[in-house]
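Here the structure comes first, spelled out in C-alpha cells, and everything after it is commentary.
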Amino acid sequence: MTTGITKRWSFKERRFVSFFLIYASTFIQGMEIAVVLPTAWKYLRRLGVHDETFLGFLISSVFSGLFVGHCVDRSENTRKVLLYLNLCQIFGHCLYFVGMHPWVLLAARFMCGFGSGIGSACFSELGRASKVSERTLVMTVAFAMRQIGIMVGPMFTLALHRVDTRIGSFIIDEESSAGLVMASLWTVFQCLIFFLYSNVGRDYHRQGVRVRNQRPSSRMNYGTSGGHDSDRELLDSGSVGNNNDGACETKNAGWLTTSEHERRIDRKLDVGGFTQANRVPSSSGGGNNEASPLMGLVAPTDKRLGYFDVLFDDRLVPLLFMQTIGFFVLCLIQTIIPPAVEHYFKQGTRVTSLIFMAEGAQGLCAYVAMMFLAPKIQDRIIVLIGYLMLVLAVGIMGYVSHALSLGLVDPATLFWPFVAGCGVVFVAVPTLSAAAVSLASKVVHRNAQGMAQGLRRTSLFMGVVFGPLWGGAMIYQPLFLYGMSFVLLIVGGVLFGASFRKLFVCRETSNVGRRQDASMTSSSSEDRRREAV
C-alpha cells in the first residue's frame, strides 16, 4: 500500500524511506530503554509499586511479539500493524506520564510492552524486502541504531533531571516527564509512518512474481534480458519472494538437492492461511501477461500445514537457542557488575558507570565491524566467532570470580581481567545475536518471517528474564553461577554444530543483484507510466 506522497516514487525510493523509518523505530526503542528504565525504580517507589509493573511489561512484550508476528504473516500489511502498535506506545506512555495511581502505571507499562511488538513487524519487513546478500547488513544497521539510541538516551535523562513543576493535578518531574518525551517521539513517528511508509515487503514479492511471469520478449522491456536460465538464476538467488530455506545447489551446501529443496518448500508453503504462488502458470494468450496484484497469495492447499512445519526445524531452533544463551550471559554479567565492583574492588557507582559506558561503546563498535564483515564472511561463521568469544568470556569471568571468592589473589590485580571479561561479553553477544537473527531470516520462508521474529523476541526475553535471576541468586557462588552458563553453552554448541552444514546460505552474484535492482526500478517506472495514462 502506498500513500499519496509515495505513490509516484520508484520502488527503490519507497524501500529506502521505509527502511529509514524502521531504523528510526529501533532508535526510539533504544532511547526508551535509556530514558524510562533508569527513572522507573524511583517512580515505582513514589507510587508504592515494585516489580509487578516490570513483570507486566515483560509478559506483554513476550506475547506481543508472537501475536504481532502472526498478524504480519497473515496480512503482510506491515504499515497498518505499525500504526496500531504505535497507538499502543503513545497511549501507554501518556498513561505513564499521568501516573497518579499504581494500577495506572501498571497498565501503562503493559501497553508499552504490547506496543514493543513493533520490533517483530519491523524485522520481518527487513527480511521480506531485502536480498540474501544484503540482509545481514540491513539487520545489523537496525541493531546498531538501537544501540545508538541506548547511548543517546541518557542525554535526555540529564536534560530532564531538573524538571520539577506542576500543571493542575499533574506532577511533571524527572520520572513522569520521561513518559511525555517518549509519547511525543512516538507521535512524530506515527505521522511519518502514516504519510511515508510503504509495504515494501509485499511489493518486493509482487514485483518479483511479476518479473518471473513475464515472457522473455516482455522482460526485455523491463530492463532485463535472457531467457529461462536467467529466470532460474533469479529465483535461486533468493532475492525476490523466494527467501525460503536458504539452500542452493552448490557442493558447499551439499545437504539438499534442487528437487528435494523444491518439494520441501512445496510442503511448507501454507503458512498462516495463505500459500505463496511461486508456480502460477502464465497465460497462453496475448497481452503483456502481467501478474495480478494478488498473484502472490492463493488459497491454502493443505490445512494441516502451518507454522510448526516451517519454524521448528533443525536450523532455526539452534539459532534461537544461541540468542537465548547470549542474552542470558549478557544480562547475568550486567547484573553482577555493580555488586562485584563494590564488594570485591571497593569502587562506587562512578566506576560502574564508566564500565557500562565503555561496554556500550564496544557493543556499537561490534555492530559497525559487522557491517564491514557481513558481505565477506558467512553468517554461520560469524555466529561461530561470537559463540567462541562468549565461551572465552565466561571462562575469564569464572576464573576471576572464583579467585576473588577464595581470596587467593589481591583483588586489585584482577580488576582489569574482570573488565576485560566483561568487554568480551559485550562484544560477543552483539556479534552472535545480529548474525543469528539475519541467518534465521534466511532459513525461514518469507510467509513465516513475522512469527520467526516473534519467536526471536520470545527467546531473547527468556535470556533477559532468567539471566538476572540466576546472576542475582548466585553472585557469590561462582561455580554455580558460571557452571550453568557453561552447561548452556555446551548444549547450544552441540545443537549449532549438528546443524552447521545445513546453515549454508548461498549469496547472489553481483550480476544477479544488478539485474534484480534494474527490473524493480524499470517495473516501478512502467507502473507510473501506466497509471498516468
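Using N, Cα and C of the backbone, Cβ positions are placed for all residues, glycine too.
These features come from TrEMBL:
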TRANSMEM  20-41  transmembrane segment
TRANSMEM  53-72  transmembrane segment
TRANSMEM  81-98  transmembrane segment
TRANSMEM  104-124  transmembrane segment
TRANSMEM  136-158  transmembrane segment
TRANSMEM  178-197  transmembrane segment
REGION    211-246  region 'Disordered'
COMPBIAS  214-223  compositional bias 'Polar residues'
TRANSMEM  319-341  transmembrane segment
TRANSMEM  353-374  transmembrane segment
TRANSMEM  381-402  transmembrane segment
TRANSMEM  414-437  transmembrane segment
TRANSMEM  458-476  transmembrane segment
TRANSMEM  482-500  transmembrane segment
Selected stretch (most C-beta pairs under 8 A with the transmembrane segment (414-437)) from 136-158, 353-374, 458-476, 482-500: 353-374
Cβ contacts under 8 Å made by the transmembrane segment (104-124) with residues that lie 6+ beyond its boundaries: 22, 25-26, 29, 32, 43-44, 47, 49, 52-54, 56-61, 63-69, 72-73, 78, 81-82, 85-89, 91-96, 98, 139, 142, 179, 201, 437, 441, 449-450, 452-454, 456-457
Residues from the same chain, set at least six apart from the ends of the transmembrane segment (136-158), whose C-beta lies under 8 A from its own: 19, 22-24, 26-35, 38-39, 122-123, 126-127, 130, 174, 178, 181, 360-361, 363-364, 367-368, 370-371, 374-375, 379, 382, 430, 433-435, 437-439, 441
Tertiary contacts of the transmembrane segment (319-341) (same chain, 6+ residues out, Cβ under 8 Å): 347, 349, 351-352, 355-356, 383, 386-387, 390, 393-394, 397, 401, 404, 418, 422, 425-426, 428-429, 432-433, 436-437, 439-440, 443, 455-456, 459-460, 462-464, 466-468, 470-472, 475, 481, 485, 488-489, 491-492, 495-496, 503
For the transmembrane segment (381-402), sequence-distant contacts whose Cβ falls under 8 Å of one of its Cβ atoms, 6 or more beyond its ends: 136, 319, 322, 325-326, 329, 333, 340, 370, 373-374, 414, 417-418, 420-422, 424-425, 427-429, 431-436, 439, 478-479, 481-482, 485-486, 489, 492-493, 496, 500
Long-range Cβ neighbours of the transmembrane segment (458-476) (under 8 Å; 6 or more residues past either end): 58, 61-62, 65-66, 320-321, 323-336, 339-340, 343, 405, 433, 484
